[in-house]
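Record features, source TrEMBL:
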ACT_SITE  Asp12  active site, nucleophile
ACT_SITE  Asp14  active site, proton donor
Amino acid sequence: MTNNKSLKIGIDIDGTVTDPSSIVPFLNRSFGKNLTLQDCFEYNLANVYGITDEEFTTWLLQNSQEVYSHSLLHGNASEILQNWHFTHELIYISARALEDMQVTKAWFAKHHIPYHHIDLVGSHDKVRAAKAWGIDLFMEDRLENALQLSSELNIPVLLFDTPYNQGELPSLVHRITNWNEAESFIRRLEVEHVLTLVEKQAL
């Protein structure tokens, strides 16, 4: 924790701040499918759509600007993030490429998403960035990331429930279904931190 009141919260963007279903209509249009989020049984959408990893990578490079510009907001993320912005440090760590910074900031502005830092690392390995930023808690939708972050950094991770991230979770990874549950978890952390400070002062 950075001080008595604030947490450094690491936040994924796609599927966490944006609605997890946002990319599906664009893939359907390009590959002649009529799938929904419920059909996305794994994070690797190349397997879901029956294409190669190379085809998906090429497609994303060609369509990322449109997808990121028109992604849907995930529930009431904006409202809760605005509340957190006053007391916590919000650090977005995303697999998006650095070239996507402009479209990312434009989407944030459009949906009133506050931030202190945006780190586009260009890969799914977020441990190095999270460690460098001193993250206290991370918010994710990718199971593999959640497991890696919690294990290597020994921090709690809030995993937004989706069809593609099912599986057994260790004690530090907490499955949530919406942003209200995230807010409740953060409140509990705040209370625990205050109680810890009081106990230390009493010694």
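Any Cβ shown, glycine's included, is placed from N, Cα and C.
Residues within less than 8 Å, Cβ to Cβ, of the residue listed as 'active site, proton donor' and separated from it by at least 6 positions along the same chain comprise Ser22, Ile23, Ser71, Ser94, Ala95, Arg96, Asp141. Around the residue listed as 'active site, nucleophile', taking its Cβ as the centre, 27 other Cβ atoms fall within 10 Å, counting all chains.
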